[in-house]
């Protein structure tokens with residue numbers, strides 16, 4: 001290409017030179033015949049010299065850089081059964097930018113009986129399941145990749161799990177509070193009046209789970225992933241079962257009020273509402289971080305006094321949650337609530353320790369003097 005352009009340019013220059021030479025010779029004859037001075041001839045020569053210098057000053061032509069066409073690498077994904085090691089199918093024409101989710105989609109086209117949400121893919125048998133956002137290039141060692149398939153079973157979204165967990169306790173408690181037939185003795189229920197703490201406990205219990213439902217819908221950034229139906233059944237059995245046990249005792253016609261009377265009830269109720277408000281504001285802060293990406297930092301307290309708990313612990317939402325249930329236990333003074341509070345405290349302490357370790361590794365500016373959940377203790 002460059003040689004052709006150079007040849008064409010030389011031809012143009014030669015033609016201009018010949019034409020200019022012929023015109024100059026003819027003009028010179030006319031001027032000599034008319035007796036013109038040599039100064040005009042010198043001007044013509046200067047003009048031609050200027051043209052030649054201008055062409056030479058342009059320098060050599062730069063060769064146009066060849067367009068580099070990026071070669072798209074295709075992978076061949078061999079999917080084997082994790083138990084029998086038998087080949088299920090081969091997914092071909094997978095690019096290096098394709099994700100595990102894309103592979104699951106193609107796998108679903110080849111095997112329609114397995115939906116992408118219930119497909120678990122592993123690099124090794126018994127290894128961790130690959131996340132959907134991983135690219136094939138990051139896990140591939142060659143152009144042929146072997147993945148092991150595991151059927152995860154029927155899957156449900158996390159939003160469905162949370163809504164089912166929190167809606168059940170709300171409705172179950174109200175059924176016991178209304179003392180519907182076949183739960184308590186009708187004659188005994190009609191004779192005995194409810195203590196004010198029973199009404200207050202129902203109000204606090206409803207506030208707690210209504211807050212959970214609203215935060216699930218409008219505050220929390222629930223993962224778009226899925227979990228097995230077994231986990232949903234386990235969670236619902238735990239929350240619904242304990243709620244039934246708690247509501248049965250608190251709303252029973254023979255329920256006895258707390259030992260220290262209204263003072264114990266009032267102080268516990270106020271502390272319960274404070275912890276509920278603190279838990280809500282902490283969840284709002286966690287759902288709207290001030291920095292994202294590479295500039296991520298540990299959530300910092302703001303003008304809201306409820307967020308100042310971040311100065312002491314790394315998981316203040318668990319701190320307020322345990323505070324709510326301890327207050328509810330003292331307010332109602334019932335054994336089922338105390339057992340539920342103890343189990344929840346153990347579970348949340350494990351979650352808090354796990355998150356605390358992640359924060360220590362992830363955030364360089366994190367203060368090591370903070371505790372995980374309970375200030376200065378845990």
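Cβ atoms here come from the backbone N, Cα and C positions, even for glycine.
Positions annotated as domain 'TECR-like N-terminal' by TrEMBL: 75-151.
The transmembrane segment annotation in TrEMBL covers 156-180 (among others).
Per TrEMBL, the feature domain '3-oxo-5-alpha-steroid 4-dehydrogenase C-terminal' maps to 228-378.
The transmembrane segment annotation in TrEMBL covers 232-250 (among others).
TrEMBL lists 325-352 (among others) with the feature transmembrane segment. Under 8 Å from some Cβ of the transmembrane segment (325-352) lie the Cβ atoms of residues 197, 200-201, 204-205, 208, 242, 245-246, 248-250, 257-259, 264-265, 268-269, 271-272, 275, 313-315, 318, 372-373, 378, all in the same chain and six or more residues away from its ends.
Residues in the domain 'TECR-like N-terminal' (75-151) partition by DSSP class (helix H, G, I; strand E, B; coil) as 18 helix, 30 strand, 29 coil. Proximity of distant same-chain residues to the transmembrane segment (232-250), defined by a Cβ-Cβ separation under 8 Å and at least 6 residues beyond the stretch ends, is recorded for 156, 160-161, 164-166, 168-169, 172-173, 175-177, 183, 198, 201-202, 205, 332, 334-337, 339-340.
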